[in-house]
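First comes the structure, then the notes that go with it.
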Amino acid sequence: MNLILLWALLNLPVALTFDPNYKDDITPPYLIYLKSDYLPCVGVLIHPLWVITAANCNLPRLQLILGVTKPSNIDEEKYVQVVGYEKMIHHPQFSITSIEHNLMLIKLQTHIELNNYVKIVSLPKEPAAEDDTCIVSTWAYNLCDHYKDPDSLQNVNISVISKVECLKAYKYMHIRDSMMCVGIVPGRRQPCKEVTAAPAVCNGILQGILTFADGCVLRADVGIYTRIINYIPWIENTIQNN
């Protein structure tokens, strides 16, 4: 793939990219349910052939389900696309002993059909600023049956906080420049069951992928997110070379 084609795919017309003014009661069109024989994860569509998620979501027998609101009742969904994948590519510096560089790209077997229910999200050209409002979206288990797929898609609007504020929530963690924190300090830290690797989309731009949280991000507890803008060269090079 040459650089001109790569640029074109990463800058698709607005009609095919995510509109941040979507309705709160539907699934954000960039959100993907990563279903496996183990625990599920959240993925984000950044290209008709590529999905980004956390590197710890290296899941067995993975299926990628787009356009779904209730994974526990997928037979009643009208706009679902189910695709397989060709390869998973971890960030080369990722280690299972660290929350840093926790990103993975998934190449799909076929190009996704983009429509009103399935769209790509834009990648950042500048970092999210402190106090920017972000939409964090993932699925939750209202019925507390972890042997089934989650039954509730939820979105929460929360703000980017400073490293100083983040350290009030995570006193013993090293918050690096490649990370950002989103949430409310001190937060409630109530236990809940939600699907991991939730994205933080700020002003319509994908700014972060959840790498660690002690609590429940859907209740606005502080989460630590991989800062996407730091990895744009790796993302672009990976897509170009694969």
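Numbering starts at 1 and runs along the chain as it is shown here.
Cβ from N, Cα, C; glycine included.
Annotated disulfide bond per Swiss-Prot: C41-C57 (among others), in sequence order, evidence recorded as sequence analysis. Counting only same-chain residues at least 6 apart in sequence, those with a Cβ under 8 Å from the Cβ of C41 (disulfide bond) are L34, T53, A54, C57, L59, V195, T196, A197.
The annotation disulfide bond is assigned in Swiss-Prot to C134-C202 (among others) on the grounds of sequence analysis. The Cβ of C202 (disulfide bond) lies under 8 Å from the Cβ of A128, D132, T133, C134, I135, V160, each on the same chain and at least six residues away in sequence.
Note: C166 (disulfide bond) has non-local neighbours I175, C181, V185, V222, I224, i.e. same-chain residues 6+ apart with C-beta under 8 A of its own C-beta. Per Swiss-Prot, disulfide bond is recorded for C166-C181 (among others), and the stated evidence type is sequence analysis.
Per Swiss-Prot, the feature disulfide bond maps to C192-C216 (among others). Its own atom aside, the Cβ of C192 (disulfide bond) has 15 Cβ atoms within 10 angstroms in the protein chains shown. Secondary structure at C192 (disulfide bond), taken from DSSP and collapsed to helix, strand or coil, is coil.
Mean pLDDT across the domain 'Peptidase S1' (18-240) comes to 90 in this model. Swiss-Prot lists 18-240 with the feature domain 'Peptidase S1', giving sequence analysis as the kind of evidence.
Within the same chain, the residues at least 6 positions away from N157 (N-linked glycosylation site) whose Cβ sits under 8 Å from its Cβ are T133, C134, I135, listed in sequence order. Sequence annotations record features per position, and here Swiss-Prot assigns N-linked glycosylation site to N157.
Among the features that Swiss-Prot reports, signal peptide is placed at 1-17, with the record citing sequence analysis.
Note on the disulfide-bonded residues C134, C181: the fewest other CB atoms within 10 A surround the CB of C134. Here the disulfide-bonded residues are C57, C216, and the one whose Cβ sees the fewest other Cβ atoms within 10 Å is C216.
Taken residue by residue with DSSP, C166 (disulfide bond) is part of a helix.
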